[in-house]
């Protein structure tokens, strides 16, 4: 089709969201500029209270990124050399890289073809393989709430309990999602959040948080985020991190929390309209039963790579951006090939050829979403056999 003369549809529109937030955002930022407590200012503690209230967790600990949140949690569990940490192969690199940073070994697990979440059957098999090999000590499982959908938490909780494994929830993409009427945030011994700008609740830079119901772990995470300090600033109790959440980012997040429920509802409406308008050849994202997604990503699947690439090219010409999350599973990435034992993970290995993420954000206008669906429909009609 000829290239579109109209401006492209925004894949993410932070500017539009900022306009909606401007009065409260300006007030929040000016307050920080007035008191000048840019590190661990009062907004950080206020945000922590809001995150705990929203999620239902007893504690929230603000940190500098979702990656540092994962790192602090695993440091708190004493994970290190000789330990095996089980995690899905189809996810973002941060989930696995923190394992290697601590000297432990990531054990990649396949994902369920119906949900794209970690597959409990594959997880059981991978655990038995590690035990049979005898070189590593199974230590933890990281469940990832991929694309905003909940992982199979009941199955993971039972699995972790039966095998004496720490269960960590990587909720970087799914803050605001719920499962069985309960918001995510208390499914593991700790839940990690990311506030990267593209996330459903995003800062204007990096940021993250840890949620937990455990008082001792909460105190430990607070120490680890600030160089391992104890009750006094120069009382260094342990080796820690420089992983505090900036006060300015906390102020931005507090402003966004005021509209977060509204934004989640709008994301759900965008997903509903996509679902209703897609042709049969373009499969909508899988749904986890009894859940409500945070819709960080709206990721469709195509029958094969050729059709996915064809659709992506067609959309580009029509002024509709898209993205591939993720082109390759982690165990096929150069950084992780040496720590993978060669086990085939067929679902994870095939998804990268078929997935395509469409524009998804609360400020996607009806006109722009209609353009996306119109372009997909035209592609379907022109390329159908």
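Just so you know, glycine gets a Cβ as well, placed from its N, Cα and C.
From a predicted model like this one, the values you see are computed outputs, not experimental measurements.
In the three-state DSSP reading, residue 199 (active site, proton acceptor) counts as coil. Cβ-based neighbour count (10 Å, all protein chains) for residue 199 (active site, proton acceptor) stands at 22. Look at TrEMBL and you will find 199 tagged as active site, proton acceptor.
Positions annotated as N6-(pyridoxal phosphate)lysine by TrEMBL: 199.
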